[in-house]
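Single-structure report; data block below.
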Amino acid sequence: MNNGKVRIYELSKELNLDNKELLAICDQLNIAVKSHSSTISESEAESIRAAAEKLAATNGTSKKELNATSHKPNSAPAGSRNRPAPPQKQQQILEIRKPKILRNTTSNAPEASVANNQIASSEANSPAPPRPFATPVSPMKPTAPSRPVPRNLSETPQKPAAPEAEPEAQSQAPAKIAVEKPEKSAQPRPGKPERQPKPQLVAPPSRPTAEKLDLSEITGAPGEKPILKRDRPRREDERDQAKPRVAKPAQGETSSAPVQKQARPAQGLVKPEQRVNRPGAPSGDGIRPQRPVRPSADAAPVATPPRGVPGGGRGEAGDTAAIAPDLLDLKRPTPPRLAKGGKKWQEEEIIDEIKEKAGKAGVKGKRVKPLVEDDFEDEDLLDEEGLEIPATVQVSLSIARPPKPKAARSASAATAAPISSPTTRGKRSSHNNRDQNRRQETEVKRERPEKVAVTGAMTVQELADLMAVADTEIVKILFMKGMAVSITQNLDIPTITLVGKELEIEVETAEPEAEARKVTEMIEVGDLEHLLRRPPVVTIMGHVDHGKTTLLDSIRKTKVAAGEAGGITQHIGAYHVDIVHDGKEQQIVFLDTPGHEAFTAMRARGARVTDIAVLVVAADDGVRPQTVEAISHAQAAGVPIVVAINKIDKEGAQPDRVKQELTQYGLTSEEWGGETIMVPVSAIRGENLDTLLEMILLVAEVGELSANPDRNARGTVIEAHLDKAKGAVATLLIQNGTLHVGDILLAGSAFGKVRAMVDDRGRRVDIAGPSFAVEVLGLSDVPAAGDEFEVFDNEKEARALASDRADKQRLSRLLQGRVTLTTLSAQAQEGELKELNLILKGDVQGSVEAIVGSLKQIPQNEVQIRMLLTAAGEITETDIDLAAASGAVIIGFNTTFASGARQAADEAGVDVREYNIIYKLIEDIQGALEGLLEPELVEEPLGQTEVRAVFPVGRGAVAGCYVQSGKLVRNCKVRVRRAGKVIYEGVLDSLKRMKDDAREVNAGYECGIGVDKFHDWAEGDIIESYQMVTKRRTLALTR
């Protein structure tokens, strides 16, 4: 006996069996083992080998036994004696069988059949088998270690389980019918949940098994039929029928899923259907020929159900009766699919026919017409009809009987309310009306223009409207060109030109109007009879640091009443000065504009509302970029220019050089025979200021500036901001008419009543005449600087106009927030674009506008600035919340925190940056954008080495080198040049100095170099060493 010990797992390898199978054999032979690592004697091993050989010959049945015993503990040798009591093990076997069917249909079919055999035998033993074993089936879906060992039908004839073969075939037969004929598989389902899983269980294995099974299925399976007889969701099953039936059985797992779904739909449908079914059996026969493929097979299995239908002989008739109403019920959803005109009449006719239980082919033919509208909606309606058939038929009978006169139709529409939901009827009629309207609209199509003028970027929708084509047509054209666009996306001018070429429309690029150009004429025809002289509005313009504000301060200090405490605080950018000219007291209103390049829009606005432009040029600095820009603004606005050459008291001042430079821009001094007045002044010393003021008044007289003070005020918003105490505050320049406290004012989209007015000296005033600049309180919102304002007599009219303008503004803001196609399409397709979210709060609207304009100048090809909010006013807790939600940075320019905002920012961890110099703000944001850019790899040279000798080493070679310049570093990148050409690029793998490994070798030393992938060294080769370093990119590179 004890010739030697053998471990179970070694024996399993030798016999090419699983450990579990071997343990099962040990159980059968009463060999006591605990696990696969237990040892047995050689003689026991021999007996196992013999048993394994028998297994190999009859592997089907052995597998069955193995499956049965695989869940038993191997330590009990008495397990094999208990084997003949299968009923005790039934549930365990079922658990093994069901999941295998669901998952591995091909490989596990035989095992499933074996399980079925055992179920069948259990059925033979117990009189009412379906319920006891149906309940364990449902929880078994997820479990299943399935073994993918292919086995064929050879199992069935080999073991004493031969008599069980027939029940197996029977069990598979219903399954096949359940899958292939959804209408029938659903029929048996209405009632008890315990029985639903059975058809699902058996369904999948029948597909992969060989054809023989089909024959055995057909031959008869009364035993298992009852389970299939239940019918539940007819509608879904027949919907499945509409799709190709052959495709569904082909998929094992997917086919089982629909069966489960079919078990769920409304069970309430079953009862009314049964009522109609019994008498409708003959009509069902009439419909039956539509499925000629397997009539006999279907009839046989469904014939036997003991679902309370007595007699197997009546099975076929009962079956067809059950199917016939199915079909009728199924077809019920289709009538709404007919042409829209006769829907109601046809539905009622169909319901009458169901009531009479007569399946008429004519009606059926009508129903086959294709769907026009939403079939799901109609089907739901008809589901409700099916539940209420008895009541609805009585109502509709009297109406549906007459032929089809229009009167009857209208009557039926009224009384057939319970049958077809009125809401959907209304929807459909409204659809019809809409369709008719659309047709009428399309008939009045605009002709496509031959030429269009474009000033800037446009959305696809706007372009489609301009070119009189469908927006989808433009999207299609661009898609064919490789550009994916949406209807609301902005297209730039080159893209618009491309679309125009495709549509054969000439696209002209109209030059955008200069911002400084005067758009609206403030004086109307009715004012001509009432015009009076008004003070001139003078804008001081020039380059930054050329002394504009100093000049203004100097004029004010000399001309403002000396009694004012501490001089005048400049509340607003516009103020007036009283001077005596020709013995009369006259006024001049000055506007101060910033000189920094960011404030272009402000300068343009100043030029637009002004009458005379004073151009300040420093005598020591000459004409600068903003000087040129100011000249162009004034010329675009068509206002006369008076040049003040400032800083003549400084050393190095060259007034004549300034005059010379100005001639290049069309400004020639009167002294030199030109028309431009040029006055040399010193703002600090106050030299020649009176001369400058006199010249301004002289030019004003020539211009004959006039306005009508007896009308409602009109003018322009110079500046606006949000004050925490006063609310929205706007600085208005009145250009015509007179403004009173209490007037209804509309500025842009901001509407309000003038509550108070404050002049430039801080005094409250009740009346402001032409050319006056005042601060106005009482507006509902902060208007944009540069908006025109107007006073209305009718408040309702003003409100309506304000609402309309607000909508337009909102739309334009949305369009601006959208990125244009060219800047984004390529990057968006390659990868995610990086964005910097900003919330910008400034002291006044003009500052905010200037900052936004500057930020737009920063290149944004790879990183985008996304302005979530730009407004004038304090930084509030609302801003902090918005920043926290969107991950934005808050930029504050010359503004403060509202109470509680700073603490909220600290708690939320929001980054708030405060600035009072615009240069610094722009630099910081540009730096933040550069930080978002991916750093680029740049080659940094290390040194140059010459090969002096080559030493063969093994299969390769080592180069003896001399470092001529720089250094060599191990693992650096090298480039080998021979006769000026690069012959190899790679990594320096080995570096030695005097037989020792070296990390680096400096210039003037010799060393040995080895490269794994290159051995073709030659004396005189030059080795260039370099390394790749990351370098921060700048936005200039992304242009």
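Heads up, the Cβ atoms here are built off N, Cα and C, so glycines get one too.
Record note: among 352-356, 517-521, 567-571, 652-656, 567-571 is the stretch given as region 'G2' by Swiss-Prot.
Within 10 Å of the C-beta of Lys548 (GTP binding site) we count 25 further C-beta atoms, all protein chains included. Gly542 (GTP binding site) falls within a strand when secondary structure is assigned with DSSP.
Working note on the binding-site residues Gly542, Asp545, Ile648: by count of other C-beta atoms within 10 Å of each C-beta, Gly542 ranks first.
Over the region 'G2' (567-571), the average per-residue pLDDT in this prediction is 39.
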